[in-house]
Amino acid sequence: MQNHPSYPVLSQLLEKYPATGGALFQVYNDLTLAQKWIDVEVLDLPACKRAAIKGKRPTPDTDRVPSICIVVPCSLSESISTSWLRAAFTSLDPLPSEIYVVITSEDTSTVYYKISQGIVKPPV
Amino acid sequence: MSLINQTSRPNASLKPSSRRAETSRVYAHLLPIIFPEPTYKFLGLSLTRPLNPHCTALFDPLTRSAWIPSSGDATLLWQRGFFGKGDLSRSEPSWLARQINARKMKGKALTSEEITAKRRAERKQFKLDRAKAIAAAAAEAETAFNEQGRVIAPGIAPDGTRIIPSAATWKPTSAPVPSERSPLDVGPDEEEEMEPIQDLEHLQLSLQEAFFLVWALDCLTILHPQTNVSFTLAEIWNTFQNAHIPSLVPQPNAPSPSRFDNPFLVSYVAYHHYRSHGWVVKSGIKFCVDYLLYKRGPVFQHAEFAIVVIPVYEDPEDQANSPFKLQNAEPFTWSWLSTINRVNSQVQKTLVLSYITIPAESRVSPKVLSSPACFAHYSVREVVLRRFIPARMRD
């Protein structure tokens with residue numbers, strides 16, 4: 001892993017939070033290399049004991065401005081709770097209307113879930 | 001030969017029967033080890049040795065997995081038994097092919113991710129068209145009522161045809177237009193001068209897959225990530241059990257204390273059980289289950305069975321003292337079971353609850369945990385779940 005180009009960006013946070021390091025590494029690579037997000041930066045969320053990722057998600061229509069999304073990785077072996085999700089929202093500044101929780105598996109399967117505060121009507 | 005080919009004739013132009021034949025040819029071998037036709041027999045015993053590819057992997061403690069650095073080994077392990085998953089792709093490592101396709105901007109031989117993306121874009125367009133049509137029809141009904149007091153059925157035009165598109169009848173109105181290339185764009189000669197893209201993807205094996213290849217098939221060697229020294233079987237055995245201790249370096253010493261309910265051991269029992277019955281076992285995270293069972297492989301048909309691993313402690317004391325909190329070891333709720341069953345029935349999979357019995361430390365000495373021989377003390381029982389609707393299921 002140390003030879004991977006993403007490692008230098010993440011090394012500090014990987015050492016600080018080794019329990020969620022695998023998930024962070026996998027999600028960071030998925031967003032930057034496969035999903036091609038832009039302006040990706042990594043945030044430290046001590047309240048959730050992990051790092052989060054902020055970036056702009058590319059939209060297929062060129063006239064829409066890419067929206068800034070926050071992604072919080074976690075692994076399948078963890079158990080999460082609503083207080084954990086609330087801590088994720090409150091520790092982010094500015095307060096986002098929604099965050100994406102990403103659950104990773106050891107074989108690199110990644111599933112993204114959009115979490116909003118309160119009930120939100122589906123778009124279409 | 002990978003099915004991802006940018007230069008040769010794309011698979012989509014072949015007839016379905018020849019495509020199936022091609023797929024069967026590529027994925028003919030069910031395991032990485034090949035047993036060749038015997039050329040010489042002595043007293044009825046074949047003397048030809050099985051062909052062993054001897055792949056190598058690097059252990060990564062942070063992602064709790066084994067990485068296959070060589071793309072040749074990766075293709076081999078995927079094509080012979082569907083082991084592993086590309087870390088930037090849906091299944092087979094296809095990231096480099098997608099980048100090269102994107103660069104050429106021709107995209108004739110689409111990888112599976114691109115086909116799915118295209119299908120999703122079309123479905124999104126269909127939903128937008130349908131939403132607009134519904135809104136327009138409702139507005140028309142409103143105006144008709146307000147102006148003339150007439151109630152018309154929304155969605156039906158005066159001549160009786162439906163104006164709300166349905167999934168079966170909708171066609172994409174504008175075909176995706178490939179961007180026009182001006183003469184000043186990168187020509188074929190200049191493309192070759194552009195820097196070759198470094199392949200940043202690898203095939204990743206879960207610990208269960210890696211241990212199966214190492215122990216059951218003996219076709220994989222695992223190396224230490226920094227020193228490149230190969231692990232002995234005993235070191236692999238200990239390192240994999242210690243994998244859930246968060247760490248940046250492998251821990252090859254025996255876990256203390258060794259426990260029967262180590263998460264690696266419990267999940268490996270299930271993996272080995274189904275693999276040895278010939279199923280292709282993949283991760284089931286997308287369907288809220290532990291494993292998916294494929295009869296031949298993901299490229300042939302969708303998975304038929306979804307496995308949820310439920311560990312059962314022979315001795316409740318062991319559960320009380322356990323440092324691990326195994327998933328599904330507590331009694332589950334009906335709502336949880338119904339949710340999982342619904343999700344899987346919707347995708348036409350049968351839910352199977354796989355009960356793994358964890359032996360009691362009072363009956364079996366934990367000394368047996370020093371080797372994989374301890375697996376003999378675990379047992380697996382399956383319970384198949386189907387929804388039963390008495391009113392509807394008589395036909």
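The backbone N, Cα and C atoms fix where each Cβ goes, glycine too.
Caution: TrEMBL annotation is automatic and unverified by curators.
Taken straight from TrEMBL:
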REGION    B:170-189  region 'Disordered'
DOMAIN    B:264-356  domain 'tRNA intron endonuclease catalytic'
ACT_SITE  B:Y294  active site
ACT_SITE  B:H302  active site
ACT_SITE  B:K349  active site
For the domain 'tRNA intron endonuclease catalytic' (B:264-356), residues assigned helix / strand / coil by DSSP:
34 helix, 24 strand, 35 coil
Pairwise CA distance, B:H302 (active site) versus B:K349 (active site), rounded so that it is a whole Å:
9
Tell me, if you would, which residue among B:H302, B:K349 (active-site residues) has the fewest other CB atoms within 10 Å in the structure shown?
B:H302
Give the distance between the Cα atoms of B:K349 (active site) and B:Y294 (active site), rounded to the nearest whole Å.
11
Starting from the Cβ of B:Y294 (active site), draw a 10 Å sphere and report how many other Cβ atoms land inside it.
18
